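A short worksheet on the structure shown next.
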Amino acid sequence: MKPFVIRNLPRFQSTLRSSLLYTNHRPSSRFSLSTRRFTTGATYIRRWKATAAQTLKLSAVNSTVMMKPAKIALDQFIASLFTFLLLYILRRSSNKNKKNRGLVVSQNDTVSKNLETEVDSGTDVIIVGAGVAGSALAHTLGKEGRRVHVIERDFSEQDRIVGELLQPGGYLKLIELGLEDCVKKIDAQRVLGYVLFKDGKHTKLAYPLETFDSDVAGRSFHNGRFVQRMREKALTLSNVRLEQGTVTSLLEEHGTIKGVRYRTKEGNEFRSFAPLTIVCDGCFSNLRRSLCKPKVDVPSTFVGLVLENCELPFANHGHVVLGDPSPILMYPISSSEVRCLVDVPGQKLPPIANGEMAKYLKTRVAPQVPTKVREAFITAVEKGNIRTMPNRSMPADPIPTPGALLLGDAFNMRHPLTGGGMTVALADIVVLRDLLRPIRNLNDKEALSKYIESFYTLRKPVASTINTLADALYKVFLASSDEARTEMREACFDYLSLGGVFSSGPVALLSGLNPRPLSLVLHFFAVAIYAVCRLMLPFPSIESFWLGARIISSASSIIFPIIKAEGVRQMFFPRTIPAIYRAPP
């Protein structure tokens, strides 16, 4: 076989030289991206060029046959194509690295450093965001003696249609953090359980609170009022500083997050530094991409209304209507207001502006709500204050980064049907507080990194149980044309109606009072088996066996992907992970 020969070497060398200059003389990026990929590419080109020259020299000695013009053109084409492909790969690799790093700025970046002011306050912890998670965390770490700097985009009272129901398990965490008085003086309502409605029937599900103090129950309220109370609580500590501003990026040095860059409402740029930066900027976080691998799913949208001056059929209970095509949720948020959330599957909504949404609510949804609140529902629709909120689900998939971690909805989300978000956030804060307590000096980078790694494992049993239940229950409650899914939905309602352990067990999981992953899986498949057993009565048939197999398959297809995303080992076997064993430094 003849060696590969490049006859028109000068032109090929010119092409390689121009690509090499392009690679080595690109302007430096303001992001903290290493140029190792470009350097490696340039080295590879030089070696390839040397090999080509050597091949040419050898072939010139051993061959006297001149290539035809078509062969020369082919060599030129191959050389150009190779150069183009190499540059494309390098460029794409660079862009991918930028995307994955998110808004992280290197401390070596000097382009705009002279236009910024450094905040030198001896801060121990920077918290980005002062919502439920950020405010509670600021107060908690402040009580531990940490010097905390909180940066929040807007301190005005927020008006949200979610984050209004705190489960009893979350209230217990609130007590553990010393924040239980934050649900007082905001007209919060006690919640003692749920009532499920389906096809004219209903079943009452009470929280298993017999072993707890009389004050322990769920709480429902205006989210904004609750958050404002926690912010006020944090401000009572002299070592906690709240500042209004927008964090634009994290500051990185040698792979460690050193602080944040932020802009005040006046437009001034500042940099603040601390050994630990905790990002709690909510479900719309623009910083999470540098600290985790976000896989956000939006299965549906909540359409929110406020029903005024009406009473629910069962006082102090959340009401869930298993409607068509999806659930309708109602609960009190004050002594005179009821929040109604209508779930609309998918991401395509009837437009609000042209009245299509109002028509949908009055003709499709109103006939399914309980009779006692139907008139108030229609009145709220006609009033026109209709709001929407996409329902997001995102399993926690962190990128362990020295000096920083994520918390709250910025880190982990689940379908809000079960109201478990605040419970997960508060439980995470308790875990983090206990982990950081032995570390007297947060500047101990090695110890801090190990404890942050432990946090991601220790939070899993509680968080993954609530996450899995929320996402799985939503899929079960959805109306479906599939016969197996329909049977599963019917069986779930009837299973919970049996009472005793069949209702108290699932409700204890939902409320955060007994967040055990194994208990969740057992109850979930107990519902599926209950559905199959009903099909076999009074006499089994081939059709019932086939449908039963489809029910088991459907149940497995619902829960196993969720468990896989949460992490099987961390969820069920956390003690096998070395990261949870950390001795005090």
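Cβ from N, Cα, C; glycine included.
Taken from Swiss-Prot as is:
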BINDING   VAL132, ALA133, GLU152, ARG153, ARG160, ARG231, VAL247, ASP409, MET422  FAD binding site
SITE      TYR194  site 'Important for enzyme activity'
TRANSIT   1-45  transit peptide
TRANSMEM  70-90  transmembrane segment
TRANSMEM  493-513  transmembrane segment
TRANSMEM  520-540  transmembrane segment
TRANSMEM  545-565  transmembrane segment
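Here the features listed in Swiss-Prot are placed on the structure.
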residue	record	Cβ within 10 Å
VAL132	FAD binding site	25
GLU152	FAD binding site	23
ARG160	FAD binding site	15
TYR194	site 'Important for enzyme activity'	25
VAL247	FAD binding site	23
MET422	FAD binding site	29
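For TYR194 (site 'Important for enzyme activity'), the nearest neighbour among the listed binding-site residues (VAL132, GLU152, VAL247), judged by C-alpha distance, is VAL132. DSSP assigns TYR194 (site 'Important for enzyme activity') to a strand in the three-state reduction. DSSP assigns MET422 (FAD binding site) to a helix in the three-state reduction. Among the residues the record lists as binding FAD, namely VAL132, ALA133, GLU152, ARG153, ARG160, ARG231, VAL247, ASP409, MET422, the two farthest apart have Cα atoms separated by 23 Å.
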